[in-house]
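Worksheet: the structure to be examined is printed underneath.
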């Protein structure tokens with residue numbers, strides 16, 4: 001994977017459009033809190049009247065959600081697109097979305113979890129790096145530090161960010177940062193959006209996945225040969241993973257499935273669900289260092 005084109009920095013008073021490309025929006029109070037965070041910083045948030053038109057567990061039909069994305073992306077005055085929530089559904093859009101309908105002009109696509117599919121699609125088909133960062137329904141619950149990091153990165157006020165965790169494995173490495181939800185990334189293997197993972201530092205998080213399911217996904221990655229291509233692995237938060245039956249711990253699974261790769265691993269990093277979700281730009285230069293237990297990235 002090569003370094004991706006980064007969208008230009010944005011400034012307050014500019015237009016940010018809201019889309020709901022995944023699950024039906026149910027957390028309206030939390031959604032409004034996220035909107036308030038953006039507006040309090042001076043941005044013009046544009047929310048379509050048909051933002052969420054429930055269709056089963058989705059925020060609208062595939063066609064409706066595709067059209068929302070296309071209209072927001074092709075709006076020449078829009079500098080960023082903020083996703084309302086995750087859940088499930090963005091992968092369905094990849095079957096229907098004609099990427100040639102999207103302008104080549106880069107802008108920020110912001111979200112995480114289920115939005116992984118769109119971030120990876122944007123990287124694959126447009127060569128543009130989005131931002132793995134809170135969706136609107138989680139932004140209001142973020143600590144001030146990670147909110148500030150989000151806007152500092154978008155506004156070009158910082159050129160690098162360092163996250164601290166616990167390192168193990170082999171030394172340090174430099175590569176291209178590729179953040180993802182592990183489940184979504186696993187389901188991309190063998191599909192058109194799965195990127196070339198050579199030279200990649202994979203940053204992964206998830207929610208509600210028991211250790212045995214994470215074991216199963218990592219084993220699938222091993223069998224596919226994709227893990228063996230990586231320069232390093234950065235592990236964020238795997239929340240709500242507790243089980244009542246006999247089990248390996250999550251850390252035991254990580255060490256069992258990754259230790260023989262001979263690459264740097266850093267875990268317990270502050271990104272993912274249910275806690276601080278530090279923004280991770282897709283496709284930028286990153287360094288992972290087991291001695292210091294850090295993941296650093298720069299523009």
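Just so you know, the numbers here start at 1 and follow the chain as drawn.
Here the Cβ of each residue, glycine as well, is placed from N, Cα and C on the backbone.
Cβ contacts within 10 Å of residue 113 (active site, nucleophile), excluding its own Cβ and spanning all protein chains shown: 28. Residues annotated as active site, nucleophile in TrEMBL: 113.
According to TrEMBL, the feature active site, charge relay system maps to 205 (among others). Its Cβ placed at the centre, residue 205 (active site, charge relay system) has 27 other Cβ atoms within 10 Å.
Summarising the annotation, TrEMBL assigns active site, charge relay system to 273 (among others). In sequence order, 113, 138, 205, 206, 207, 237, 239, 240 make up the list of same-chain residues 6 or more apart from residue 273 (active site, charge relay system) whose Cβ falls under 8 Å from its Cβ.
As annotated by TrEMBL, domain 'LD-carboxypeptidase N-terminal' applies to 16-132.
Residue counts for the domain 'LD-carboxypeptidase C-terminal' (174-288) under DSSP, split into helix (H, G, I), strand (E, B) and coil, are 36 helix, 34 strand, 45 coil. The domain 'LD-carboxypeptidase C-terminal' annotation in TrEMBL covers 174-288.
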